[in-house]
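Q: This is the structure I have questions about; it appears just below.
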Amino acid sequence: MSKKGKNVMNEPDAGDKITALASLDEARLSWFHIKAILISGCGFFTDAYDIFIINLVMPMIGYVYYADGEHKNHIPNLTDGLTKGAASWGTLVGQLLFGVLGDKMGRKKNYAIVMVILIVSTIGCALAGPSKVGWGICTMIAIWRFFLGVGIGGDYPMSAVITSEFATVNRRGFMIASVFAMQGVGILLASVLTVVLLLIFKGHIEENVDHLDTVWRICIAMGAVPSIFTLYYRVTFPETPRYAMDVKGDIDAGIKSAKAAMGSSKKTPEETAEIEEAIAVRAVEKPAAAGQVAGSTWKGFKAHFGQWRYGKVLLGCALSWFLLDLAFYGLNLNQSIVLEAIGFGDKEDQTAYDSIWNKALGNLIIAAIGTVPGYWVSVFLIEKIGRKPIQLTGFAVIAICLAVIAIWFHKIVDYSKTLFFIIYIICQFFFNFGPNMTTFVIPSEVFPTRFRTTAHGLSAASGKLGAIIAAHSFSAIKDIGGPAGSNNFIQGLFGILSFMMVLGFIVSTFLPETKGKTLEELAGEEVIENAPSMEQLKPLNEGNEGIDEQDIYEITIKN
């Protein structure tokens, strides 16, 4: 009997599904899980590298293409904002588009498509040049960065949900956080590579500043290298068990995928007992997902999230991500401007090389001491502390740090630039040991399979809207009350961002704690009558201490 494409499963099929998911949830960490982390993590490495490298290359482009007397090596604020913000616009489109496609077409197909978009767009950005008449260099870069953003945006729901749906219950947070933490590595490597290239080209740049044109192109092009190596593995990666069974109704494919994730090692008696207990619990609770196949429809989406108990979770995910990204991208996309505002590394009559070097070095210090450690502390504590406490603590600490800077900005800078750096680095640490991590993790866990990538994409797109506002507004309003390039309103911007973090703390209270719960439990799906009973799922070979995965599946495969 075929087990594919039915709207309602019979009891044996539903039993097979319960067994497969219970076995997957209770499995030990296997090489497959590590491979999934690396494949998805490579995508996020590239994502972060490509997003944040623009912060380092824009000053170089200014020295090469805006060296005339009118611009004096500075890119106009509007042009700077549009170029930086182009990727965010594309990311918003990609998150919404591939969020929907992930639920409609499946995770597997789109997983490879987004990587192809990333590779082509990164190379296009590195090779961009001005036209003789009309579009300038920044316009061409912005166009390619828009498409780059589409690929980056698509990777958010795909990587998060694929990792979540293959993960075990007690390691799911660790796995998803590990994927996202590769952003920190990407940000750090962007800074390291820029510093190394500046050292290599130092003599040439001091002789002729136009050699910065080569440096920035290499910086951007290097972002495509990990993606190229990852593409094959994404093409050959299996569909997730939950999508195969919950949405497509293909139990055989789901079981095959689940078995691949669990590996071939024998179970210990303790592990077998945990799986059997999970099977029994699922059988008693009779989740709707056990007996029904439900496709992703707009009508179903509205009906589900129209209920406040589910709608408030989506609202909490979307608003907290939006408010976070106002500050996170506002600061990180403009970190060179912040460093300039406090006079980091300023010298009288400094050369183009010295200016670029100081900004690159400042970004490297912040990434190495604050950004990257924050990501990895989250990875190792997320299963111990939980997602919600990390998010709430992060918002609170960031709000305090930004408020301190806003109130005493000039006093702090005049007293000690080192003190400013310490406060700013603490802020960066708690972005990543805080809401920047958890706003990514939680939406991959709390929604039903049939809406999971759509809802994650919608939440992420809300965040990206905040990033867009930050990218365009930061450059536009930083000089309020002073001449262009004065950074006169930097202090006020810190105050605004602090208030946004307070609001982020408030909306985060809408969110549930997801630690230690199954995806089906978190989805809150309703009870149905035709799910298998506990008696029907009772292990046939109870007491067999040598049971392995094949034995476990045979418990309920018999018709």
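Every residue gets a Cβ built from N, Cα and C, even glycine.
In case it's useful when we look at the structure, here is the feature table from TrEMBL:
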DOMAIN    36-516  domain 'Major facilitator superfamily (MFS) profile'
TRANSMEM  37-66  transmembrane segment
TRANSMEM  86-103  transmembrane segment
TRANSMEM  110-129  transmembrane segment
TRANSMEM  141-162  transmembrane segment
TRANSMEM  174-200  transmembrane segment
TRANSMEM  215-235  transmembrane segment
TRANSMEM  360-382  transmembrane segment
TRANSMEM  394-413  transmembrane segment
TRANSMEM  419-442  transmembrane segment
TRANSMEM  489-511  transmembrane segment
Q: For the domain 'Major facilitator superfamily (MFS) profile' (36-516), would you mind checking the mean pLDDT of the predicted model?
A: 85
Q: Check the transmembrane segment (419-442) against the transmembrane segment (360-382) for contact, please; criterion is three or more CB pairs under 8 Å, pairs 6 or more apart in sequence.
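A: Since 3 or more Cβ pairs under 8 Å link them, the transmembrane segment (419-442) and the transmembrane segment (360-382) do come into contact.
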Q: Taking pairs 6 or more apart in sequence, does the count of Cβ pairs under 8 Å between the transmembrane segment (110-129) and the transmembrane segment (174-200) hit 3 or more?
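A: Checked: the transmembrane segment (110-129) vs the transmembrane segment (174-200), no contact.
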Q: Spell out yes or no: are there three or more C-beta pairs under 8 angstroms between the transmembrane segment (215-235) and the transmembrane segment (37-66), with each pair 6 or more apart in sequence?
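A: Contact criterion met.
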Q: Count, for each of 37-66, 174-200, 489-511, the Cβ pairs lying under 8 Å from the transmembrane segment (141-162), and report the range with the highest count.
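A: Between the candidates 37-66, 174-200, 489-511, the best contact partner of the transmembrane segment (141-162) is 37-66.
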Q: Where else in the chain does the transmembrane segment (360-382) make close Cβ contacts, counting only residues six or more beyond its ends and a cut-off under 8 Å?
A: 55-56, 173-174, 177-178, 180-181, 183-185, 187-188, 190-192, 194-195, 198, 335-336, 339, 344-345, 390, 421, 424-434, 436-438, 441, 515
